[in-house]
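Working notes, structure below.
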């Protein structure tokens, strides 16, 4: 029990011990879990300690868990000059948060000893009472709650004190009470009064007196201490000046009839001991941390090491170098697989190692899972975490550095730092590439239209041919008149129709009649429209047309109302799977894809590429990376399920805040953005894909292959037709040669027959000459000599000339023949008279010596009377000129 020597003392300011409540609130705000309490051996010190312990106990009782613990109590004797020995024991403790409740002179000696022992470096936290704050040599970084300037004003407090007495007496008398001045204690009394709570003053002044005065809302507890006071949190800055970095306000809300208390602290403005702007952890911690991660491109690449091979760990001096760390995998059967890791997070860890002066030992999670809460058995309600979450909670790791999604389920068991990567969920699909077939150049028109165009060409050609043929002014009629060969044939008309359609030059074979030319002009207009329409549609099909994504986003009907032919999935035991599981609107999707979910991201991406999966739902950074690396993969739709990646620690870890501050600083200076550019957007594995979103697609061979094949087919058909023409020409040549041979044989046979006939006629003439009595012997000899050796020729003469030609009989042949037919007496042997009637009617035989014998004049009486009138003689071939 505290003894009071001033029974009529009215305090409108609280005692220093009241700061213990603010200390507790401040430590909760900073999330410190243990403290070292230093106090002096006096009433204020003991009261402050008592109030602080009472506050901790009430919090534990209210919330069911102990949120703060006093790990060390140090009692200081005010008479001592040096407190080095007392503070020496602090160095061996893990706790680094110190509360000091001491007078100003004792506090000055404590500060000197603490600075001598190095207790004011960047790992310590000092929170001192207002009385200790006013010491002359308060070190930089010290924190203290101080009554606000307005509340501590003396004149204002005096006015409020008078108002409290006035209202208290007024309330006391208005209740029907009276003052008994005889029983009031004397001001000069030296006797100690009873406790104020049992005194008359308590009932008059403290119990029912509340005012809103000049210093704020004034009320008292049962001990007479003021309850509602405004405080400022003072921080001793680098220049030893007092800087307000927080406040505690207490005000009365008349409408709610309640007192409102508000605590606010600007953490970022506090300068901690050692001139650090990062809040100290509050405990002594090891500089070495065990880190568990998972292989996840592009955040962590894991390459298996060969026996005896070392991981080439390079210090990250700039953004172009790649840091690497050894990351073994410890399997449950005791096997250790050696890996070397590098990537986005390895670079970030190496930067943290340099900036925070810590070391890491990295290993890969054994089961390859991120972590999900699984039921141990069907008969038990107990659940355990697997994956990286399980290793962290079981003590196998101190932290998780991986693309681990911050979600409510995990946040109940671990603490996350500020996000190092903001993201969303998206969908990866295989690009629905528009395959260009060989007939892609035919796509502008439907097959029906193509058929009609081809038919129209030949119909127009036929009509042109008919119009030009039957027109009086057509090519055919002009050809008959002018004996020209340029008449419009059916093949020429077909050539003309195709030439107009394909816009090729037509030099010959154009129609001449006006009716055909009118039709030709109409056909030219038709061709122009068809060609223009084809050209426009060809550009749309081959250049501007882009394949649409098969999935429009998470609201696509094929996802919301899935069918058996459409498969989509995510990764088992991942945050994405939990997201779909807990969202009511995605219940159908979750049930559908549950059986198709893959064990790893790599397996799911391979399934999309192979066509086994139509869509893969996963975090946007990884899928954007995959879409950048492969031209066949694209992300579909907008991001949904916004989330973020963070580093995970155990609950209440002192590392969480330190790493959070460092990650935030990396965001501010743009380091995280450079990591995104390096590892995700501009990865060395990025494919050189055409971006169809900024420009039309360019045509390639696959788009126009059909045209080239058509040309090649045309060339081939041309060569085939050439070979056909050559073979046909040879066949015709052989046939013509045979015909020529036959003609020559017939002609030779005819000449042979004609000569035989001429010989017979000649012998008949000789016979007539031999038998003629009119011809003298001398003339007969001359004729005989002529026939036997003369080179005279017979000529076909007109009847008026009466020239005789003996059928081109050569003297040698005639001589050989006459030798066989000459009689013994030298006369020519008479020939058969069967050819006498065929002998020429008027002939003159040219004799040697330019003489001639007029056969009609001398042989008329001896030749048959009807010889010269025989029609066969007139038309005999011997009358024609022969050689």
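Placement of Cβ uses the backbone N, Cα and C atoms for every residue, glycine included.
Nobody curates TrEMBL annotations by hand; they come from automatic prediction.
Under the heading domain 'Ionotropic glutamate receptor C-terminal', TrEMBL lists 324-682.
Model confidence over the domain 'Ionotropic glutamate receptor L-glutamate and glycine-binding' (328-394) stands at 88, taken as the mean pLDDT rounded to a whole number. Marked as domain 'Ionotropic glutamate receptor L-glutamate and glycine-binding' by TrEMBL: 328-394.
Other C-beta atoms found within 10 angstroms of the C-beta of residue 619 (L-glutamate binding site) number 26, with every protein chain shown included. Marked as L-glutamate binding site by TrEMBL: 403, 405, 410, 619.
Annotation comment: TrEMBL describes 551 as site 'Crucial to convey clamshell closure to channel opening'. The Cβ of residue 551 (site 'Crucial to convey clamshell closure to channel opening') has 427, 429, 558, 559, 614, 615, 636, 637 as same-chain neighbours under 8 Å, each 6 or more residues away in sequence.
Counting every protein chain shown, 13 other Cβ atoms lie within 10 Å of the Cβ of residue 631 (disulfide bond). In the three-state DSSP reading, residue 631 (disulfide bond) counts as coil. Annotation comment: TrEMBL describes 631-689 as disulfide bond.
Here TrEMBL flags 791-804 (among others) as compositional bias 'Polar residues'.
As annotated by TrEMBL, compositional bias 'Polar residues' applies to 813-830 (among others).
Taken from TrEMBL, the feature compositional bias 'Basic and acidic residues' applies to 832-845.
The distance from the Cα of residue 619 (L-glutamate binding site) to the Cα of residue 631 (disulfide bond) comes to 19 Å. Residue counts for the domain 'Ionotropic glutamate receptor L-glutamate and glycine-binding' (328-394) under DSSP, split into helix (H, G, I), strand (E, B) and coil, are 20 helix, 20 strand, 27 coil. In the three-state DSSP classification, residue 410 (L-glutamate binding site) falls within a helix. The full span of the recorded L-glutamate binding residues, 403, 405, 410, 619, taken as their largest Cα to Cα distance, is 17 Å. Here residue 410 (L-glutamate binding site) comes close to 371, 389, 404, 416, 575, 648: these same-chain residues lie at least six apart in sequence, with C-beta atoms under 8 angstroms from its C-beta. In this structure the alpha carbons, written CA, of residue 631 (disulfide bond) and residue 403 (L-glutamate binding site) are 24 Å apart. Under the DSSP three-state reduction, residue 405 (L-glutamate binding site) is assigned to strand. Highlighted in sequence order, 370, 402, 404, 406, 407, 574, 575, 643, 645 have their Cβ within 8 Å of the centre of the Cβ atoms of 403, 405, 410, 619, the residues recorded for L-glutamate, and are not part of that set.
Annotation note: residue 551 (site 'Crucial to convey clamshell closure to channel opening') sits in a coil segment as assigned by DSSP.
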